[in-house]
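Presented below is the structure to which this report refers.
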């Protein structure tokens, strides 16, 4: 038999660092505490959420002959929704708990005794930090929108009841470019406007014409247009002067001209998600809405929330390395209790920083790209500095 090809030395060192016994043990150790923290937070929050709604959910399900299945679906969707929101802080708190337990058990002292630096013993931390990026991305952009839309469209709980109330046909005023539209917004079976009155204005704000139609529906050939066939159109006449006013005569303000087709450049996708906060919109539709030009004036902040959701995926992983590094520094200087408190404070500061960054992006406090990148860059800089400082500190002890 031929002997296997020798493993290159560099690859061997990398494999021992990333997949060695210590790394596997620490992965299990950290995952256990992170899971406990996540389950505790999500379980507590969900119990509080559902306690005030579950009786009505059960009653509505019983009226449909599906009380157990609808109630179980409601609880499952709320768990997904709350889990998506709780993951960032639970990830950091669980990490601190794991580090504190590792130090309290004496295993950290044993590892340091054999000469392992912070970077050398933190392969599990780096793996978890890297894995948190796609995990947070999926939670923010797949799991939470799916849970919210499932609750809403199934009319389950507070989300579902609010969604049902918002989707009832109701009269609204919309401003689209130089037009003002008074219309009844409808969803079933497809998004549409009707009946509707369209007011066209010129650049000076003078009324040019008025069009009325029974319904504006999506045009199959032009999906970004709502079309009304045979709308009644009135064109405004110029003012007849002060003489008619002085005589008390009422000059006609318009003349009915003819029936014609009228189009409105209004996105059917916006109609589909009207009244829904951008943080709940599924990612493909959020991307499309952020680029959509057929939106009413002052639309929801789709582009801003796209940046928020993308940048937030980086926060837990980068913050985890910074929090663990700060724990190691504080543990050397002041002991376990102070290190745990410092880690908790840093975790909450990172979580608060993510919220502040979201507010800055929404409020347009400076360029959006700067606001979105500020926290990840700050955390990355803190990670680099801590890794640089910790390795010499421990090598020369």
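Glycine too: its Cβ is placed from the backbone N, Cα and C atoms.
TrEMBL annotations: computationally assigned, not manually curated.
Look at TrEMBL and you will find 89-110, 122-143, 337-361, 368-388 tagged as transmembrane segment.
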Recorded stretch that, among 122-143, 337-361, 368-388, has the most CB pairs under 8 Å to the transmembrane segment (89-110): 337-361
Positions whose Cβ lies under 8 angstroms from the transmembrane segment (122-143), at least six residues beyond its ends: 17-18, 20, 22-24, 26-27, 29-31, 34, 80, 83-84, 87-88, 91, 95, 282-283, 309-310, 312-318, 320-321, 324
